[in-house]
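So that you can see what the record holds, here are the features copied from Swiss-Prot:
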- 99-191: disulfide bond (DISULFID)
- 5: N-linked glycosylation site (CARBOHYD)
- 1-27: topological domain 'Extracellular' (TOPO_DOM)
- 49-56: topological domain 'Cytoplasmic' (TOPO_DOM)
- 78-101: topological domain 'Extracellular' (TOPO_DOM)
- 123-141: topological domain 'Cytoplasmic' (TOPO_DOM)
- 163-198: topological domain 'Extracellular' (TOPO_DOM)
- 219-238: topological domain 'Cytoplasmic' (TOPO_DOM)
- 260-274: topological domain 'Extracellular' (TOPO_DOM)
- 296-311: topological domain 'Cytoplasmic' (TOPO_DOM)
- 28-48: transmembrane segment (TRANSMEM)
- 57-77: transmembrane segment (TRANSMEM)
- 102-122: transmembrane segment (TRANSMEM)
- 142-162: transmembrane segment (TRANSMEM)
- 199-218: transmembrane segment (TRANSMEM)
- 239-259: transmembrane segment (TRANSMEM)
- 275-295: transmembrane segment (TRANSMEM)
């Protein structure tokens, strides 16, 4: 069914296939996805609870970690429950407006995650390269400003995607070979010119690349400062403060780069591999981030044990 809007036809609903080629295995696939989603919910909720309860965890690093956990909860919840609805209840149809809203939220929260990782890199840079000025540089006003940038820039970058989708005519095609709605997945169903959609998508990706470059530059300075320290123990201690952040960066960027490369150049790779990678990209980082910080950050590890064992 279609409705007419200023000479542009939009479908009332889209049909999300799920994982094309693996429809018969949806029920089996749902188990691991549900388990990982529950780990993401429990892990990030625990991080937020510990940071809220423990007054000693008030450093900027934990402030950014709380933001990261909030974004991870939002990102995974935006995509996984809808996906499980497809796997468990054959709830394939999604309203046109709901599909565009899901697209906006997924892209916006993904952008926010990239922004908060950049902010955390700046925090580690100041902590290692200018430790005596840490408190004077990362003041509460600066933290508020960084927090606003974390939210505002991805939202501003994602909003044009909504317009670029609404301007497109959709003649008869309404089947999306995916388990969630994303920008180019919707655009490719259009019978209009989607060149501007592709160009803008690459423009947005360039900001992810820029963030990664800036993170890399910050770690060049961090490593230079670390290797100038007089003792081996001091070097290890300084590097250990960055270990969790490096792990989270790898968890976020490696799947995203792999997903991008397989989508752009892996034309011989089966379609279900593309979709599985895209799904893992949205659920693996939110589930692993709290585990990485719980294992690698002494304060978090000790406080988690304290909060859940104290009487």
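Keep in mind that glycine also has a Cβ here, set from the backbone N, Cα and C atoms.
Of the ranges 57-77, 142-162, 239-259, the one with the most Cβ pairs under 8 Å to the transmembrane segment (275-295) is 239-259.
Listed in sequence order, 14, 176, 181, 186 are the same-chain residues at least 6 apart in sequence whose CB falls under 8 Å from the CB of residue 99 (disulfide bond).
Here the Cβ of residue 191 (disulfide bond) has 12 other Cβ atoms within 10 Å, regardless of which shown protein chain they belong to. Sequence-distant contacts of the topological domain 'Cytoplasmic' (219-238) (same chain, at least 6 residues past either end, Cβ-Cβ under 8 Å): 121, 124-125, 128-129, 246. Within the topological domain 'Cytoplasmic' (123-141), the DSSP-based counts of helix, strand and coil residues read 16 helix, 0 strand, 3 coil.
Under 8 Å from some Cβ of the topological domain 'Cytoplasmic' (49-56) lie the Cβ atoms of residues 62, 65-66, 299-300, 303-304, 306-307, all in the same chain and six or more residues away from its ends.
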